[in-house]
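Colleague: Right, I'll just put the structure down here and ask away after.
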């Protein structure tokens, strides 16, 4: 019966708590109380801006609006791996769609890699061929790795214009390109590629020039902006999210170098047979000094050392565990003599040492080791030999490699383990101002909105601040206790009541008022009859009688018994709560 009553009081208390919290937070009596973790709990949303196509004019500006499939052609080529003799097809699917992770604008679409663990290739022709002679080249686009990117490429290729035209359906890794730019990540590789192909003016051979110190890529579920700027003075600047991450020149920051050396080593020259390239030789005239003792030990006993006064020679550093007990199933005949495990000797913890004391050793001042003859300068040394230099027959000098081969198309030719990589807002032109303006009206707005969504989705760290006492803020403390009580009660009502006794007391008091009024009414109604029944049993004197003493002792004993019983219940409940927490 007591359990049923306790459960009813708890149920009423929990219901009262929910209504009180709802009322405190501005809710209505009939409003549903929702908290994080509820199935219908909705996270705060971020207001998104409507996408508007840019009015910027450029040789190539792609925002993947309507009719994108008329401009972009998926490749139908195959890709052969010469190392393993395998042939791969570009089977990766493409689509233009809005992002599914942290959308930054309403109605904004991008080109999306749809197939995981596949080769992808797609390209589009430029409305006009880009000739960068004596101009600034700006390449900019967005990469949004919605599922992250553990292994794969997200770089872009600017395809070289050809008199025969570019065969888009045959676009592959063998298709000539002028510049390759963008992020690439797999295993230990994590960098932003900047590769340009340069033609040797003497032989006509084309060679790839790789940025020597490529910056690290930034790839996550947010839209990251990649920008490459190459100026006519041969300097370049790579930016990620409008911040410069790598600068240099086309003439000195690439491997192999654009221009070959003026002189090279003569391949026909060889080192003469009598060439001496040993700078030092052993002094054959040197002899070991008479006082040199090769047998002297490196270390000797310190004869000046004395035993510390607190050294305990009669004690050992480890002793048998005095609390160890021989197992009941130990058989001396089969298992051998039982020996308790050793434990550190507590007597040796705060002293210099235990056991037999021996003098320590020190470095021997007379030690010199094995004698060897010293080295002296070689009188016939001629220096380090190197082949003589001759003029490089293949030397040329191109001081303007920024005059790249003409660009006729743009394409993505990648392999990736993750899908849903989104590309958007591709700009290829000559204006840094237009590229910055495009970033401001597209990427910047999206990036800010995406960051807000990411922050809201991230679990908030609990704010650490000094909590006010009940005396300082009775309402605030009561509401906080009620919230914590409700959170615990969702999982374990009994634990909530045991861990928040103050809340239970307050709620019980609130509930008790109603019960108290009911009991008062009952008491008033039955008071008259009770009084009449007790009149005959009333004492005729105020003096203490033997019956009074016995009754008082009996009540005291019962009260003490109830207190002890309640204390045991509280102890048991606390232990149960602690066990639940540990489990």
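These residue numbers are counts, starting from 1, taken along the chain as shown.
Using N, Cα and C of the backbone, Cβ positions are placed for all residues, glycine too.
Heads up, here are the entries from TrEMBL:
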DISULFID  151-186  disulfide bond
REGION    305-333  region 'Disordered'
COMPBIAS  311-321  compositional bias 'Acidic residues'
TRANSMEM  502-524  transmembrane segment
REGION    532-583  region 'Disordered'
Colleague: Applying a 10 Å Cβ distance cut-off over all chains shown, what neighbour count does residue 186 (disulfide bond) have?
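Modeller: For residue 186 (disulfide bond), the count of other Cβ atoms within 10 Å is 14.
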Colleague: Any same-chain residues 6+ apart from residue 151 (disulfide bond) with CB under 8 Å of its CB? Would you list them in sequence order, or say none?
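Modeller: Sequence-distant Cβ neighbours: 185, 186, 187, 416, 417, 418.
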Colleague: Count up the helix, strand and coil residues in the compositional bias 'Acidic residues' (311-321) according to DSSP, in that order.
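Modeller: Helix, strand, coil within the compositional bias 'Acidic residues' (311-321): 0 helix, 4 strand, 7 coil.
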